[in-house]
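Engineer: For reference, the structure I am asking about is given below.
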Amino acid sequence: MTIAVGRAPAARGWFDILDDWLKRDRFVFVGWSGLLLFPTAYLALGGWLTGTTFVTSWYTHGIASSYLEGCNFLTAAVSTPADAMGHSLLLLWGPEAQGDFVRWCQLGGLWAFVALHGAFALIGFMLRQFEIARLVGIRPYNAIAFSGPIAVFVSVFLIYPLGQSSWFFAPSFGVAAIFRFLLFLQGFHNWTLNPFHMMGVAGILGGALLCAIHGATVENTLFEDGEQANTFKAFEPTQEEETYSMVTANRFWSQIFGIAFSNKRWLHFFMLFVPVMGLWTSSIGIIGLALNLRAYDFVSQEIRAAEDPEFETFYTKNILLNEGLRAWMAPADQPHENFVFPEEVLPRGNAL
């Protein structure tokens with residue numbers, strides 16, 4: 001006689017049933033992260049499409065910003081709230097709009113709506129990568145890498161305006177609007193001379209260079225395992241053998257530079273590290289701008305340029321350009337301040 005000793009199956013509650021449904025194998029995986037990702041991404045994208053299509057920026061920036069007013073894809077935008085709104089969350093039912101949807105749009109409520117839902121959507125997408133990596137049984141480096149774009153978005157769209165007087169000084173959601181924000185950062189913060197911006201540029205362009213070099217090197221060293229014009233069809237995702245020669249690639253770059261990667265794992269970690277560090281460092285720099293921190297003020301050159309009409313450097317020329325950006329941008333960018341700059345205070349280079 002056989003006696004089976006076992007544990008009675010635990011009763012399945014609503015959490016287990018929901019967990020099974022969320023993690024069911026389907027074309028688009030949902031998961032627990034999807035409860036955050038899909039609603040927030042849908043609302044952020046919908047708010048942006050609504051704003052760029054219908055909503056004016058006349059009451060916040062004194063400009064047209066929608067397709068309805070004649071803008072195109074490059075010039076339409078969801079503009080930041082009015083300067084007078086400060087750092088209000090601009091809830092539809094809050095004291096500013098008092099439930100009036102049209103008034104809420106006029107005050108810039110859609111920008112706050114898109115920015116906050118967009119931030120949570122990006123966080124949800126990173127959590128999605130964590131969740132699927134855990135289910136598949138791989139390490140979560142994709143999610144860690146995606147923290148770079150999240151850091152940039154949060155620092156630029158949320159932390160920077162929080163350090164300034166209001167949401168008004170954040171970037172509006174549009175192509176030309178982002179360009180205006182870049183000019184603003186240069187004119188008011190001398191952003192291109194900031195070392196964190198330099199590290200960010202080095203990281204992003206360095207990552208692009210590494211990507212191009214890596215792709216070209218792999219294509220160069222593919223094994224000739226087919227008779228067709230290209231070898232793409234000769235590859236099978238489940239094949240055991242290598243599809244390109246790391247030894248040949250190492251030999252090639254050793255001859256080019258005298259040094260080359262000999263370890264695929266170190267090579268690919270480096271390709272991950274360079275662009276992500278670029279994104280992180282540029283985010284740190286933006287946080288510095290939020291606090292109005294200065295970087296690289298070469299005062300001695302400015303003093304000498306002021307005293308000697310024949311002395312000028314690229315730095316002093318850029319400082320004059322920044323003064324021009326501030327003097328010409330501020331009246332157009334902040335019409336509510338009624339700035340008026342007389343001719344004698346506008347910047348003039350030494351050559352003039």
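The backbone N, Cα and C atoms fix where each Cβ goes, and this holds for glycine too.
Per Swiss-Prot, the features are:
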BINDING   His117  chlorophyll a ChlzD2 binding site
BINDING   Gln129, Asn142  pheophytin a binding site
BINDING   His197  chlorophyll a PD2 binding site
BINDING   His214, His268  Fe cation binding site
BINDING   His214, Phe261  plastoquinone binding site
TRANSMEM  40-60  transmembrane segment
TRANSMEM  124-140  transmembrane segment
TRANSMEM  152-165  transmembrane segment
TRANSMEM  207-227  transmembrane segment
TRANSMEM  278-294  transmembrane segment
Engineer: So if I measure Cβ to Cβ from Gln129 (pheophytin a binding site) and keep only same-chain residues at least 6 apart in sequence, which ones fall under 8 Å?
Structural biologist: Pro140, Asn142, Ala143, Phe146
Engineer: May I ask for the distance between His268 (Fe cation binding site) and the residue listed as 'chlorophyll a ChlzD2 binding site', taken between their Cα atoms and rounded to an integer number of Å?
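Structural biologist: Rounded to a whole number, the Cα-Cα distance is 33 Å.
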Engineer: Distance between the residue listed as 'chlorophyll a ChlzD2 binding site' and Phe261 (plastoquinone binding site) at the Cα atoms, whole Å?
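Structural biologist: Checking the Cα atoms of the residue listed as 'chlorophyll a ChlzD2 binding site' and Phe261 (plastoquinone binding site) gives a distance of 42 Å.
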Engineer: Return only the integer: C-alpha distance in Å from His197 (chlorophyll a PD2 binding site) to Phe261 (plastoquinone binding site).
Structural biologist: 28
Engineer: Here the binding-site residues are His117, His197, His214; which one has the lowest number of other Cβ atoms no more than 10 Å from its Cβ?
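Structural biologist: Relative to the other binding-site residues in His117, His197, His214, His214 has the fewest Cβ atoms within 10 Å.
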Engineer: Restricting to the same chain and to sequence separations of six or more, state which residues have a Cβ under 8 Å from that of Phe261 (plastoquinone binding site).
Structural biologist: Asn250, Trp253, Leu267, Phe270
Engineer: Quick test of the contact rule: Cβ under 8 Å, at least six residues beyond the ends. What residues does that give for the transmembrane segment (278-294)?
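Structural biologist: Residues packing against the transmembrane segment (278-294) from afar: 147-149, 151-152, 154-156, 159-164, 185, 189-191, 194-197, 199-204, 206-207.
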